[in-house]
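Chemist: Mind looking over this structure? Questions follow.
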Amino acid sequence: MAKSGGCGAGAGVGGGNGALTWVTLFDQNNAAKKEESETANKNDSSKKLSVERVYQKKTQLEHILLRPDTYIGSVEPLTQFMWVYDEDVGMNCREVTFVPGLYKIFDEILVNAADNKQRDKNMTCIKVSIDPESNIISIWNNGKGIPVVEHKVEKVYVPALIFGQLLTSSNYDDDEKKVTGGRNGYGAKLCNIFSTKFTVETACKEYKHSFKQTWMNNMMKTSEAKIKHFDGEDYTCITFQPDLSKFKMEKLDKDIVALMTRRAYDLAGSCRGVKVMFNGKKLPVNGFRSYVDLYVKDKLDETGVALKVIHELANERWDVCLTLSEKGFQQISFVNSIATTKGGRHVDYVVDQVVGKLIEVVKKKNKAGVSVKPFQVKNHIWVFINCLIENPTFDSQTKENMTLQPKSFGSKCQLSEKFFKAASNCGIVESILNWVKFKAQTQLNKKCSSVKYSKIKGIPKLDDANDAGGKHSLECTLILTEGDSAKSLAVSGLGVIGRDRYGVFPLRGKILNVREASHKQIMENAEINNIIKIVGLQYKKSYDDAESLKTLRYGKIMIMTDQDQDGSHIKGLLINFIHHNWPSLLKHGFLEEFITPIVKASKNKQELSFYSIPEFDEWKKHIENQKAWKIKYYKGLGTSTAKEAKEYFADMERHRILFRYAGPEDDAAITLAFSKKKIDDRKEWLTNFMEDRRQRRLHGLPEQFLYGTATKHLTYNDFINKELILFSNSDNERSIPSLVDGFKPGQRKVLFTCFKRNDKREVKVAQLAGSVAEMSAYHHGEQALMMTIVNLAQNFVGSNNINLLQPIGQFGTRLHGGKDAASPRYIFTMLSTLARLLFPAVDDNLLKFLYDDNQRVEPEWYIPIIPMVLINGAEGIGTGWACKLPNYDAREIVNNVRRMLDGLDPHPMLPNYKNFKGTIQELGQNQYAVSGEIFVVDRNTVEITELPVRTWTQVYKEQVLEPMLNGTDKTPALISDYKEYHTDTTVKFVVKMTEEKLAQAEAAGLHKVFKLQTTLTCNSMVLFDHMGCLKKYETVQDILKEFFDLRLSYYGLRKEWLVGMLGAESTKLNNQARFILEKIQGKITIENRSKKDLIQMLVQRGYESDPVKAWKEAQEKAAEEDETQNQHDDSSSDSGTPSGPDFNYILNMSLWSLTKEKVEELIKQRDAKGREVNDLKRKSPSDLWKEDLAAFVEELDKVESQEREDVLAGMSGKAIKGKVGKPKVKKLQLEETMPSPYGRRIIPEITAMKADASKKLLKKKKGDLDTAAVKVEFDEEFSGAPVEGAGEEALTPSVPINKGPKPKREKKEPGTRVRKTPTSSGKPSAKKVKKRNPWSDDESKSESDLEETEPVVIPRDSLLRRAAAERPKYTFDFSEEEDDDADDDDDDNNDLEELKVKASPITNDGEDEFVPSDGLDKDEYTFSPGKSKATPEKSLHDKKSQDFGNLFSFPSYSQKSEDDSAKFDSNEEDSASVFSPSFGLKQTDKVPSKTVAAKKGKPSSDTVPKPKRAPKQKKVVEAVNSDSDSEFGIPKKTTTPKGKGRGAKKRKASGSENEGDYNPGRKTSKTTSKKPKKTSFDQDSDVDIFPSDFPTEPPSLPRTGRARKEVKYFAESDEEEDDVDFAMFN
């Protein structure tokens, strides 16, 4: 049968008659008759074909020849681009015309030869021979030959079976996993069918025979098989002559040969260990990597660099190469040596991995802001894959697209991190970013109009010039003003110069720093787009020539901003905007500025204008009688009147300053100021400026200024280095605190105002903010000031250790990190009683106060008695520098100061955060680990009772527990439920999970799994020193020592001042007493005498002119000599003139002074003042300091005691006055918030973290050359929590404990601090602070005075208090008002959000996410609620003091060196806070005390001693120690389950076995203990949750029993092995 248009062979093919005939199947005549018959049928539609002729059956062979496209693809010529190998060119992609069917039958034989390598690993060679002239193709391999044996079933030889009969194959056993290309049993047979001659030769050494047989005429005819005896090596050779007529070809043309040649090269690259000979020559390919070079040879990327190929042999089955593609996605892949030209699942499998990694890198580097999708990344990839897949499947017999699912591949391709890192550096990422920039530029260009319009619409607040966009557009100037008020000023001035050539457009604050902004930011920035639209600018257009400038609507831009530092910043940002996008415009004088006076001095009708403060200061120095001049400061353009505006514009020559381009130095200056890449240069720039300013001040030289009377123009270099640098420096001053007082200017202004107001009653925060702005000349928004006030008053965990303002109202909690503070309109505050003890008023006389707007404001810095920068920590990001300091314990600092006063070195200190109950451990220098607290309660319950510092409760719940409960795309659900029992000050999550998952989680580390461990490096301790210069400090001790030296010198100055002042007052009282006595004795008469005579008489009799006034005038004169530039009015110095003596202090005394009582009182005052002066002279500056410290510690005790009482008032379970109800309800509710008494504490393990920290430190030492200052970046990381375990690191003692019996407790100085609990030095967790570019225009991202301190709390240890020595109160008899204190904060507070370290507990750097496995054998994990293992009795003696546990908290651990023991005497160790939780232990219990931890090795978490119960307290008889680590330092009691409590005996003296035991079920019984009476609460208290102030003597013997009680939440677990929780808090 023949059909027109079908595939045929024989004489009719290519004859042009359009009829194809099957010569070998049908007779020619029959075929012709059939054709005639069909023609007749067409002519006669009434005749129909028979059913037999319509429905036919063909043999398999007939079907293959009739429908070849089903088997080998199309037999029609196809033209397309393909990779081919040409002898003259090599591997290249060009347009070729070939027949896919012919290419396929060749490929089938070639793949069969390659498959033999998989069957025979000894195969080493494949020979391919193509003879186009004779149309002969031969493929030979030396692999194992085909068995030359007769098939017992089919009765033919195996070679004849598999090459000459259809549907025969060795690949039908799908249970056998093979990595060959053959699959369906068609391949070689198809080649036979479509060949005129097909010869098989094979030799099998195993069967010692060779075989040769030939088929002809499309497998229709065959010759007899020739079988011979054979003793040589195995081989197989297939030789065939394609039936070209079937493919409509006459010969093997150049294109098909080039394609076949490429397939030979493919084989050489994809068959490992096989050499390929082509036409007798060995192909120069050695492995897959060299094969890939054939493709990329001589190819360059867009930068002209040769393509870089990344290669990785993932395993024996996967070989992957990657490089950059510039023609969209390209892939060259092989599956079992089959060329999958269309790719498939194997390609997607590899490419998806690569794209996933690359897109992460691109997103990090993508500053353009254009969203990048995976397919766009894929378009830049060229991947080469050679893989072996088990039993691959394809979508057709052509095998161009592999369809097998990855799970069935039989192997995995896990590419290494090294591969991905290299992939991100091979040019792909750069190419993607270039494409992103191009796309971004295209989008930006759409924002610009290439058409010049005379009128534009849709831009609000634009006052367009009338000639803008017309023929005079180049003569038009656009005035850009700072805000609407400045626009009003400009519009007023336009009345003088006209509106035709001047347009006005107001800016809303600072514009965007386009040099570092993302594409998205630029696209969405309305101001940038408006300026471009108004001026007519076009991106990427060069304005080099005058002709191009004619396309602009305005020929110039005039910048009109305030004359302050923020105004300078706006000018700089506009210059940066033009320079970054159109640098050529600067060369045409495109920019200019309009300046206005910053100060005006007027006298009579004379008026002088000054355009910079240094210029004004210079004028003041040389002017006489400056008080006759009226001085007015202009802080903004809004200060000027409309009349003044007209005056400014009328004198345009004076007020317009042109910017001139001076060459590359201008470009360099602009880049220096605004480029992120110039951060180190910017540091040096600012350092040089500060040093220059310092030297000028030392030598009395004036500061540099720009705008003199003759200034008409300036270069960009001058603007950057003389004006803009002032903003950069002020940016640092706003953001980085002073070492001396720890304040930023805004905070200092608040404190100054509070000192000046000296409120005795609380005041609203909003009202106080207004008062601060008024009294301290605060020039920024009051909202930021209110937040600064709120921040100073916050006292929750993670904020301030000492809050200087009182939080009266809702000032924020740890639930939201302070963000839940109420509106400033509703909350109140006032000075803390500690404030004036930390900042003594007498020191105000020694400070250098600043002046602003001719107003005396806050001092340069206050001088506290201890370094507040360490107490409350510090954090800020400025220009070039950043600062980060954690909090430290006030009492520890006080003790170190005392040591230094005694000539000793300070002890090392660890971060400490008030009321933090977790552990803080030192990893290395300035590196700490912060851990929360987690307990295992039972087989499927854990309890989280503390979070890492600055991990806020709500954030933790949403970002950690919720994903654990619900699961995410990447991780399955881990927990089954959780409940919350926390308060605003405490944390308690009760988490439920399956026993198997809990076992797995504990094996992986509960702290890691629940993200309760964070790390932080503190290498950014940058502060302003007392000279106003930035300085980087390496250690906290360096800060303490520098502060100590400065503070001690100021105590010397204070003594001098006091001696002088008190001496003058003593002289005054002495003169007054002498005058009264002489008057009474009649030695002096004043009646009826002239004033002049009286003064003369007093002078003659040796009376001194007012000594107090004279002394004060002398002090003022000295101050004026030191700083003559600040000669301002001062009310305290106007009481008299130095021209003559002043005896008003004597002559103004009332007649009452002559009475006997007044005389005696005056004499007493004189004598007392004399003694006061003598006492003062005998004291050293150190004595004065110690008195201040004692008074401070005494008040600190009172404040913290009051805090505890305040909390107790609402939590003790007592009925409140006026309230009706049962306190039992409150008790039950309260117990819910308490930790479970059955929990087994999990000890944080930091061994792995220490190793990581050490590695980072080594790397830093190798590459760290920056010793002057730190980069604007924090090295803090959220590091993965290590596996838990009882490690020495967790219990290393801060103070080694003496072994022998303790002596009787002695009284100690107030403030003495004994660290009882091993504390770990950890730092607060924080999300990687996103670094703010200090040059950002965005006000919302500017600096903030709000300090988000890094809370890391070490439990405060108890101390024995005595009444602090009464600090002398110096009384001064002069009545003049005290000098005002002021607090300067030029801080924008704009960087509030970015300066906040957003506590995120979610990241664990370098740690894999924990994914629980469901297949854990229960035997692998066992809870051991059994009894604890007995430990040597000696361990008890290692523990010398035990504290009772705080029911609401757990102590923090601090690692310290053993020499810390010298810090406190042995008696101090006896005093432990009621709130430092620890428990008495059995003799047999293993005590993980400090000594045990340090000397005995690691305590096991399964063998932790039980906490003992404290006796129920009756009432508080002693003030509880304020060193407590508890919330607000509140004493708390623990309760235990019924039947488990011990006898309710009090602690005994050293050696008592009952010490530390505690029984909430009984009343406290008296004992013979010599210890002070224990603190207890009223017996009617239903819930005794706070242990009282027990003496912390060492326990000697254990108690044996426990009293039972129903509901207990915080005591020891029933299972002794689970009691690791509280006993180790020593």
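Cβ coordinates are placed from backbone N, Cα and C, and glycine is handled just like the others.
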Chemist: Which of these ranges is annotated region 'Interaction with DNA' in Swiss-Prot: 371-380, 871-880, 1011-1020?
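Modeler: Matching range for region 'Interaction with DNA': 1011-1020.
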Chemist: For the candidates LYS520, LYS1227, LYS1330, I need the one that Swiss-Prot annotates as SUMO2 cross-link.
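Modeler: The residue tagged SUMO2 cross-link by Swiss-Prot is LYS1227.
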Chemist: Candidates are LYS127, LYS421, LYS439, LYS1186; I want to know which one Swiss-Prot annotates as SUMO2 cross-link.
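Modeler: Checked Swiss-Prot: the SUMO2 cross-link annotation sits on LYS439.
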Chemist: Write down the residue from LYS121, LYS399, LYS605 that Swiss-Prot flags as SUMO2 cross-link.
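Modeler: Per Swiss-Prot, SUMO2 cross-link applies to LYS605.
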Chemist: Of the residues LYS177, LYS1169, LYS1439, which is given the SUMO2 cross-link tag by Swiss-Prot?
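Modeler: According to Swiss-Prot, the SUMO2 cross-link annotation belongs to LYS177.
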Chemist: Kindly point out the range from 187-197, 1034-1044, 1045-1055 that Swiss-Prot annotates with motif 'Nuclear export signal'.
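Modeler: The range carrying the motif 'Nuclear export signal' annotation in Swiss-Prot is 1034-1044.
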Chemist: Of the recorded positions LYS228, ARG825, ILE877, which sits closest to ASP562 (Mg(2+) 2 binding site) by Cα distance?
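Modeler: So, of the listed recorded positions, the one sitting closest to ASP562 (Mg(2+) 2 binding site) is ILE877.
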Chemist: Can you tell me the three-state DSSP label for ASP562 (Mg(2+) 2 binding site)?
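Modeler: The three-state answer is coil.
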Chemist: At the Cα level, what's the spacing in Å between LYS712 (SUMO2 cross-link) and LYS635 (SUMO2 cross-link), rounded?
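Modeler: Cα-Cα distance, LYS712 (SUMO2 cross-link) to LYS635 (SUMO2 cross-link): 23 Å.
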Chemist: On the DSSP side of things, how many residues of the region 'Interaction with DNA' (1011-1020) fall into helix, strand and coil, could you say?
Modeler: 0 helix, 5 strand, 5 coil
Chemist: Fill in the CA-CA distance, TYR826 (active site, O-(5'-phospho-DNA)-tyrosine intermediate) to LYS373 (SUMO2 cross-link), as an integer in Å.
Modeler: 48
Chemist: Compute the C-alpha separation of LYS635 (SUMO2 cross-link) from ASP564 (Mg(2+) 2 binding site), stating it in Å without decimals.
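Modeler: Cα of LYS635 (SUMO2 cross-link) to Cα of ASP564 (Mg(2+) 2 binding site) measures 7 Å after rounding.
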Chemist: Quick one: Cα separation, LYS439 (SUMO2 cross-link) versus LYS373 (SUMO2 cross-link), in Å?
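Modeler: That comes out at 13 Å between the alpha carbons.
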Chemist: In the structure shown, which of the binding-site residues ASP562, ASP564 has the fewest Cβ neighbours within 10 Å?
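Modeler: Sparsest of the binding-site residues ASP562, ASP564 by Cβ contacts within 10 Å: ASP564.
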Chemist: Calculate the distance in Å between the alpha carbons (Cα) of LYS228 (SUMO2 cross-link) and LYS373 (SUMO2 cross-link), and round it to a whole number.
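Modeler: Here the two Cα atoms are 64 Å apart.
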Chemist: Closest of the recorded positions to LYS373 (SUMO2 cross-link), Cα to Cα, picking from ASP564, ARG825, ILE877?
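Modeler: Closest by Cα: ILE877.
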Chemist: If you count other CB atoms within 10 A of each CB, which of LYS635, LYS712, ARG825 wins among these recorded positions?
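Modeler: Highest number of other Cβ atoms within 10 Å: LYS635.
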Chemist: Within the region 'Interaction with DNA' (1011-1020), what mean pLDDT does the predicted structure show?
Modeler: 88
Chemist: I want to verify one value. Collapsing DSSP to three states, which class is LYS712 (SUMO2 cross-link)?
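Modeler: SS state of LYS712 (SUMO2 cross-link) = coil.
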